[in-house]
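Asker: Here's the feature list from TrEMBL:
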type: BINDING; residues: 12-17, 59-62, 97-106, ASP132; note: FMN binding site
type: BINDING; residues: ARG314, ARG346, ALA347, PHE348, SER349, GLY380, LEU381, CYS382, SER383; note: FAD binding site
type: BINDING; residues: THR424, SER479, ARG480, LYS485, VAL486, TYR487, VAL488, GLN489, ASP504; note: NADP(+) binding site
type: DOMAIN; residues: 6-151; note: domain 'Flavodoxin-like'
type: DOMAIN; residues: 170-411; note: domain 'FAD-binding FR-type'
Amino acid sequence: MSSARLLVLFGSQTGTAEDMAERLGREARRRRLDCRVLALDSYPVVNLINESLVIFVCATTGQGDPPDNMKNFWRFLFRKNLPPTSLCQMDFAVLGLGDSSYAKFNFVAKKLHRRLLQLGGCALLPACLGDDQHELGLPSKFTLQFLQEVSRTEEWCGPTTDPQGPPSELQPFLAPMVSNQRVTGPSHFQDVRLIEFDIAGSGISFAAGDVVLIQPENSASHVQQFCQVLGLDPDWCFTLQPREPDVCCPARLPQPCSVHHLVSRYLDITSVPRRSFFELLAGLSPDELEQEKLLEFSSAQGQEGLYDYCSRPRRTILEVLCDFPHTAGAVPPDYLLDLIPPIRPRAFSITSSLLALPGRLQILVAVVQYWTRLKEPRRGLCSCWLASLDPGQGPIRVPLWVRPGGLTFPKMPDTPVVMVGPGTGVAPFRAAIQERVAQGQTGNLLFFGCRHRDQDFYWEAEWRELERRGCLTLVTAFSREQEQKVYVQQRLRELGPLVWELLDRRAMPSPCQLTSPRP
């Protein structure tokens, strides 16, 4: 995006649209975008065919009339002889500033949006219609219509149509968890898990280097705390209705949906909030002191304070809401989806091969947990959720799907492969080695590094057996087992001539040539 150029054009009668356009320009420049902000009639409209990214900010005056400083632009744009492909190279968005007490609410913005589409422009999103009558200026994107006598379901729900093709984000496979085993020693500082799923009959296929995406959930304690601070009953059920006809409801939310499902499986309440979160929250606050602080955090002058309060200690949305209880208790449910982003899937390297383990998929997961100055440790949402699941206590199903990864391996059986995988970075190489050995490819050289041989040497027995069979050459570096730390890059340097021979001649040396000392 370093070369992206944004043009913001405004049509303003009283100055409100101009102020909003200038604000958009400042935000764009803060994100390192080259941005110009101009009144519509100050811009040579014939140059519009050369623009690739434009935001239009326009008010409506009188009975649906354009502001004075965009009337020339308006007349030109609605010429009947303009070709329908005039703006085919342009991506655009329209922000209208209007008043719903008038019959022709945001008439100019709506008409401009339609005309830009007629001329071949590509809309980045539906027309955004601000309302001066609304307490926040902008209404919520959705409304939550609560239902009577509807009990919530705890099953994972996606689209109800029959799945077409392999599992995907909109149609994940609910994979039974077979095992969840800690593979680091009990005294090791980090909990690392080898987790296996049963994917038989799922239609999932993968090769070495591919990744699996997993849709995690919030913990039960966090869901309970969130509902308490916002005054929500997790058993309430609702239907979601978009305010605009061309806006779709999130496909991952069932209809009807329970509050519990929304909070546990959709809203990312443990993510670190952005500046826009504080801005919207300030508009919802009924408490003068809390609103003043929220406005400070959302202002340009308050960014250092926001960094110290939120970004540096990794304070979560849930923790912020607990710090502003009067505001949190007043948040209308309609604004939950505007305020809080959705939980995004997490990607993990697949660490097994279907040739070696048919119908199974394994991942190696380092459980993320660390301390900041806050009282509670910071925890990775997905890794901690996965670590908490125990298939020995009953059936567990995890929503997942597979996509191609960035690693590819040679198909020719005589091409050797040099793999460097310290720590959990060895995960995709284990899949590759399993796959290549099953195909009879023995030119596999693995550099593996960890801290201690007896604490985090993943798959040691498996590697040693492959060494014995002549299918793998393993070079190790245990960084903490001697006074001078040793890392894989040092092993690579020690074996530099042989690594170069592999790269140059593409021939695997005999095991006796690999004489690097092992700690």
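Even glycines carry a Cβ here, placed using N, Cα and C.
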Asker: If you measure ASP99 (FMN binding site) to ARG480 (NADP(+) binding site) at Cα, how many Å is it?
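Answerer: Between the Cα atoms of ASP99 (FMN binding site) and ARG480 (NADP(+) binding site), the distance comes to 68 Å.
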Asker: Calculate the per-residue pLDDT averaged over the domain 'FAD-binding FR-type' (170-411) and state the result as an integer.
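Answerer: Mean pLDDT, the domain 'FAD-binding FR-type' (170-411): 94.
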Asker: May I ask for the distance between ARG314 (FAD binding site) and THR424 (NADP(+) binding site), taken between their Cα atoms and rounded to an integer number of Å?
Answerer: 24
Asker: Hey, what's the widest CA-to-CA gap across ARG314, ARG346, ALA347, PHE348, SER349, GLY380, LEU381, CYS382, SER383, the FAD contacts in the record, in Å?
Answerer: 26
Asker: Can you tell me how the residues of the domain 'Flavodoxin-like' (6-151) break down into helix, strand and coil by DSSP?
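Answerer: Final tally across the stretch: 46 helix, 40 strand, 60 coil.
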Asker: Taking the Cβ of ASP504 (NADP(+) binding site) as reference, which residues of that chain separated by at least 6 in sequence fall under 8 Å from it?
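Answerer: Result: none.
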Asker: Which of the binding-site residues LEU381, SER383, THR424, VAL486, VAL488 has its Cα nearest to the Cα of TYR102 (FMN binding site)?
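Answerer: When the Cα distances are compared, LEU381 comes out closest.
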Asker: Long-range same-chain neighbours of SER349 (FAD binding site), Cβ under 8 Å, sequence gap at least 6?
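Answerer: For SER349 (FAD binding site), the qualifying residues are GLY209, VAL211, ILE363, LEU364, GLY405, ALA427, PRO428, ALA431.
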Asker: Restricting to the binding-site residues GLY15, GLY62, VAL486, which ones have a CA within 10 Å of the CA of ALA347 (FAD binding site)?
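Answerer: Passing the 10 Å Cα cut: none.
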Asker: Please name which of the binding-site residues listed here, ARG480, VAL486, VAL488, is nearest in space to SER12 (FMN binding site), Cα against Cα.
Answerer: VAL488
Asker: On a C-alpha basis, identify the one among LEU381, SER383, ARG480 that is nearest to ALA59 (FMN binding site); the candidates are the binding-site residues.
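Answerer: Nearest candidate: LEU381.
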Asker: Counting only residues 6+ away in sequence within the same chain, which have a CB under 8 Å from the CB of LEU381 (FAD binding site)?
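Answerer: Sequence-distant Cβ neighbours: PRO216, ASN218, ASP268, THR270, SER271, ILE343, ARG346.
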Asker: Do any residues at least six apart in sequence from ARG480 (NADP(+) binding site), in the same chain, have a Cβ closer than 8 Å to its Cβ, and if so which, in order?
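Answerer: Spatial neighbours, sequence-distant, of ARG480 (NADP(+) binding site): ARG451, HIS452.
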Asker: For the binding-site residues listed here (ALA59, ALA347, VAL486, VAL488), tell me which residue's CB has the most neighbouring CB atoms inside 10 Å.
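Answerer: By the 10 Å Cβ neighbour count, ALA59 comes out on top.
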Asker: Near SER383 (FAD binding site), which of the binding-site residues GLY15, GLY62, PHE105, THR424, VAL486, VAL488 can be found within 10 Å, Cα to Cα?
Answerer: none
